[in-house]
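Q: Handing you a structure now.
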Amino acid sequence: RHRCCHRVTKIYDDGVQPSHRTEYVENYPGYGTICPPESCKPKPESHEDRGKMDGTTTFKSDYLPYEIVTRPFRPQAEYRPKSGKIDLGTIYQRDYNPHKVGPVILARPRERKHTSEAKVDTIPTYRDHYRLWKSQRTESCKVERDYEPPSERFGNPSTFQDDYIPKQPNPPPSCKPCDAKLPEGPFDGNTIHRMAYVVHEMEPLFVRPREEYKPSDQPFEDLTTHQRDFKGMPGEQAKSCKPESGKLGSDDPFKGTTEFQDRYQPYLVTAPEFHKPSEYVPPTDKMDLKSSNRLDYIKHKVAPRAPIKPAPGRKNTGPFQGKTTTKEDYQPWRACPRGLIKKEEEIQKPTGRFASLTTFRSHYIPHQANPPQSFKPVHVVAPGLPFKDETLYRTEYTPKKQEVCPGQDPDALGYVYVNTDSQGHKFYRQLSPERSESNCSPAPEEVPAVS
């Protein structure tokens, strides 16, 4: 529950000053000259020199360099062009049969326009069949009764009055501790851990010796389960269902005309007109190059800023040592491929020929399907009488007067402005009529309007 010093986000300020205090400052004040507890973090101490470090590592001692053999390079074969002539004939030229092409007959009929200046003097079917019927207004079934308010007072008690029993509230006892006085003197920061802790010396870690790799003397078994268990079954080659391609037509080239050549009619195309730009005429007057910056600018003598460059460090003049731990200590290890871990199959594969009869075909019994009974009603002939589309809502509906917001034109509607709340809503009061007949009329209420 953090309290920020933000201002009120309202249109009209209610005069409340922002609070600059937090809940922590209010609930946890300071306690005089009491010092904070001491830190349990150990202090940094400088370690003494325990001897010179040996530069040899396990990587240096175990690494054995090996000779790098270059990969053999396969020379690219020289390109030699083939002798002979290229056959440029296509399947279209070989299989196409030339035939005479005639003009295409349009399947769309010609457009015929039936125009006549005579006036149509006929009666449409809607006017001939439609006749007005004199409809009678239905009588209302509502019984008109005048409202009579009861003269006697309502005396039946409610369930709340019968069941409610007033009880005296008993406040629960407070669990807040009594106000205790703060102890005097410095704070005692000793704990049980600090007093009873005994420092023990750390034993050296146990390092397991590394086992030397011994390669296997037996030869590698490269026979897989697929090569061992798979046996090719002899069989006849499947026959192709593709029909034999027979040559249709002659080898003569096509010499006729196409439909595009017959129907295409060239037409003259005029070249587009290009807009010629007007020639540029340079101005004869002299250009004024004086700006407000040049006229009002005052030069100041400022010393250049000193560069923030780091101080030069010490340079090593000795020879560069290019040896690294990777170059000196790296040793390749021979990795043998791991054998396949495959379980033996519990279900043996069938050896006989597959029978095409399935359980569905052997156990299926065909049944004759009976169509369900239709519950669609029989076609009923519509009555000859016209449909009465009058409802109780149409006959008994009374239109109501639409209310107008007083904020649009308060003077014309008889309203006077009263005040505006903190959210920006305006309130108007209706003008009271002249008290000519009686002086006991109620006071007009305030009506809100859209701001």
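Every residue gets a Cβ built from N, Cα and C, even glycine.
So TrEMBL lists the following for this protein:
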type	residues	note
REGION	143-176	region 'Disordered'
REGION	227-253	region 'Disordered'
COMPBIAS	239-253	compositional bias 'Basic and acidic residues'
REGION	306-335	region 'Disordered'
REGION	430-451	region 'Disordered'
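Are these features on the surface or tucked inside, and what are their neighbours?
A: Sequence-distant neighbours of the region 'Disordered' (143-176) (same chain, 6+ residues past either end, Cβ-Cβ under 8 Å): none.
For the region 'Disordered' (227-253), DSSP puts the residue distribution at 3 helix, 0 strand, 24 coil.
Through the fold, the compositional bias 'Basic and acidic residues' (239-253) approaches residues 93-98 of its own chain, all at least 6 residues removed from its boundaries and within a Cβ separation under 8 Å.
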Q: Helix, strand, coil: count each for the residues of the region 'Disordered' (143-176), based on DSSP.
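A: Per-class counts: 5 helix, 0 strand, 29 coil.
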